[in-house]
Amino acid sequence: MDTKLAVHEDAPPLVSWVPEEGEKLEQEGEDQAKDRGQWTNKMEFVLSVAGEIIGLSNVWRFPYLCYKNGGGAFFVPYFIFFFSCGIPVFFLEVALGQYTSQGSVTAWKKICPLFQGIGLASVVIESYLNVYYIIILAWALFYLFSSFTSELPWTTCTNSWNTEYCQHALNHSGAGIGSSTENFTSPVMEFWERRVLGITAGIHDLGALRWELALCLLLAWIVCYFCIWKGVKYTGKVVYFTATFPYLMLVILLIRGVTLPGAYQGIVYYLKPDLLRLKDPQVWMDAGTQIFFSFAICQGCLTALGSYNKYHNNCYRDSIALCFLNSATSFVAGFVVFSVLGFMSQEQGVPISEVAESGPGLAFIAFPKAVTMMPLSQLWSCLFFIMLIFLGLDSQFVCMECLVTASVDMFPRQLRKSGRRELLILAIAVLCYLIGLLLVTEGGMYIFQLFDYYACSGICLLFLSVFEVVSISWVYGADRFYDNIQDMIGYRPWPLVKISWLFLTPGLCLATFLFSLSKYSPLRYNNVYVYPAWGYCVGWFLAFSSMACVPLCIVIALLKAQGSFTKRLRQLITPDPSLPQPTQQLRLDSGPGQDRRPSPAKEGLVTVEKETHL
């Protein structure tokens, strides 16, 4: 179509835009986005990320760390890491995905081929998470089904799995719910270890398969499969329920918790500041690792979820809002947890230090014990485990979606064909389920602890975070990435973010990583069982299998490249030319919020800037 523009001789000068290769690449990018799929609206993205990052660690890890590390004083190192590491790295990963429209592996390959190993390392961590994280859902489902009885089975000592050492009330000092005296154990502990786990003497004896847990695990995988099998447009609808329902449960449990006798004392223990604890480096390490755990940083999930955003989505504002939402949820969850623990402390007549637990001990020992002391105990048990299931469910299927995204983006020709995605998801689910059966054997808890302590540890995440921020801020260029972000959102983010990328984040992460190594202590199950030497070797193999991806990929890339070392290095730090390039401003003082990218699909072959201020 021939377009003629009649312009008055006194009118402002016209600037014609001749379509070049960059516009063709942009059009190809739009077509690729259609092939990959995009979020229907911003809320789907926000809820999907919220579902991923707001999980079990918000409920069972943060409150205990806060109590253990000086109460309110713990917020000092927590918020230092929050602003200097949490928000900057979180935003970096989301912006990287949105800018490249690629999953974790191919995003790093396009922006800085030398550091493609960062993406591969995140895929390794995602794979481990897909195997072991869902085991928690199987346990929670087992407890939920066990709650539909006239009397909760962990209330009494008259069940077939109880031993002669079971004692219904351990009120005396030194016999809390998670501990045992020389001769006695509690019914809730025996239900957990003998009925649910059937735990053996050690990792050398895996024992038989716990078929009830295997069925619960199968149910969890079936639900996860159907939550993501049709792509992000379908997943975006699922998270409207799975990401919001836990908040309803949290509010109900909060109201119930703060109305219990003894709740005030528990909350005081949770928040009472002990500033002397800030002298302990362990407090700072716990704050840093908690930020990386709860924000799902360096796991590839944020990059994958961001890749389904529209190019001009304001990912900066979204990232800040999601980070604050995550921390606020952790803070509120602390009131739920410690109001109940305060109630337990008063009912049993023991110090709160003897009932305070973290991790599985809180979810499957402390809380089940607490609900037995409440009226309508079956109701509160059901509500609590439903909340746990939904907190874990969306974290699990979103993590699964991110692994699928990375795989499809690596092999688009093979896996983007009709029906291939569903088969890929099915294959991954079946494989992870079969491997997961090892974790629901009678000795499976020992394997679970290895995964949790080594495979997805803070050491791995801190290691990868250093390479992430260094590759973007120092190799690709912080100013260049800021230009890309400005092209996407229309303005440049707060300068502190760039300063953090350049100095604060790599410095703090490296210091915390080195301190974590220096303070390393071998895993002990229940602080008692010592693993055999080969067990620790397996654990460190799980840890190094992800971290080793970065240096190995650097070496392999340098060996495969052609030319001198300098030429090879230059090739490997050069971004892919197909990436969107910031457009040149055709005005002198026009607003920063305007979209400066020409769209040949919408404007035709000639784009005319009718108004200038020249």
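Note that Cβ sites are derived from N, Cα and C of the backbone, with glycine treated the same way.
These figures come from a predicted structure and were not determined experimentally.
Confidence for the topological domain 'Cytoplasmic' (1-44), expressed as mean pLDDT, is 56. According to Swiss-Prot, the topological domain 'Cytoplasmic' annotation covers 1-44 (among others), on the basis of sequence analysis.
Annotated transmembrane segment per Swiss-Prot: 45-65 (among others), in sequence order, evidence recorded as sequence analysis.
As annotated by Swiss-Prot, transmembrane segment applies to 73-92 (among others), with the evidence given as sequence analysis.
Residues or ranges marked as transmembrane segment in Swiss-Prot (evidence: sequence analysis): 117-137 (among others).
Annotation source Swiss-Prot lists topological domain 'Extracellular' at 138-210, citing sequence analysis.
Annotation comment: Swiss-Prot describes C157-C166 as disulfide bond. Around the Cβ of C166 (disulfide bond), the same chain contributes C157, F184, T185, S186, P187, E190, each under 8 angstroms and 6 or more positions distant in sequence.
What Swiss-Prot lists as N-linked glycosylation site is N171 (among others).
Here Swiss-Prot flags N183 (among others) as N-linked glycosylation site, drawing on sequence analysis.
Long-range contacts of the transmembrane segment (211-229) within its own chain (CB-CB distance under 8 A, at least 6 residues past either end) are made by residues 134-135, 137-139, 141-142, 145, 196, 235, 238, 242, 393-394, 396-398, 400-401, 404, 421-422, 425-426, 429, 432-433, 436-437, 440. Residues or ranges marked as transmembrane segment by Swiss-Prot on the basis of sequence analysis: 211-229 (among others).
Annotation comment: Swiss-Prot describes 238-255 (among others) as transmembrane segment.
Among the features that Swiss-Prot reports, transmembrane segment is placed at 291-308 (among others), with the record citing sequence analysis.
Residues or ranges marked as transmembrane segment by Swiss-Prot on the basis of sequence analysis: 320-341 (among others).
Per Swiss-Prot, the feature transmembrane segment maps to 374-393 (among others); the stated evidence is sequence analysis.
The transmembrane segment feature in Swiss-Prot is assigned to 423-441 (among others); the stated evidence is sequence analysis.
Per Swiss-Prot, the feature transmembrane segment maps to 458-478 (among others).
Residues or ranges marked as transmembrane segment by Swiss-Prot: 499-518 (among others).
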Checklist entry - Which stretch, 45-65, 423-441, 499-518, tops the Cβ pairs under 8 Å count with the transmembrane segment (458-478)? => result 499-518
Checklist entry - Taking 238-255, 320-341, 423-441, 499-518 as candidates, which has the most Cβ pairs under 8 Å with the transmembrane segment (117-137)? => result 423-441
Item to check | Long-range environment of the transmembrane segment (374-393) - Cβ separation under 8 angstroms, sequence gap at least 6 | outcome: 54-56, 58-59, 133-134, 136-137, 140-141, 143-144, 147-149, 152, 155, 220, 223-224, 227, 242, 245-246, 249-250, 252-253, 256, 260, 363, 367-368
Checklist entry - Once the chains shown are all counted, how many other Cβ atoms turn up within 10 Å of the Cβ of C157 (disulfide bond)? => result 19
Checklist outcome for this item: For the transmembrane segment (45-65), the distant same-chain contacts (Cβ-Cβ under 8 Å, at least six residues beyond its ends) come to 39, 74, 94, 136, 232, 235-236, 239-240, 242-244, 246, 270, 286-287, 290, 293-296, 301-302, 305-306, 308-309, 313, 318, 321-322, 325-326, 329-331, 333-334, 336-338, 356-360, 362-363, 387-388, 391-392, 394-395, 398-399, 402
Next on the checklist: What residues elsewhere in the chain lie close to the transmembrane segment (320-341), defined as a C-beta under 8 angstroms and at least 6 residues from its ends?
Outcome noted: 46, 49-50, 53-54, 58-60, 62-64, 66-67, 78, 82, 86-87, 90-91, 247, 250, 253-254, 257-258, 260, 263, 266-267, 269-271, 294-295, 352, 355-356, 362, 366-367, 370
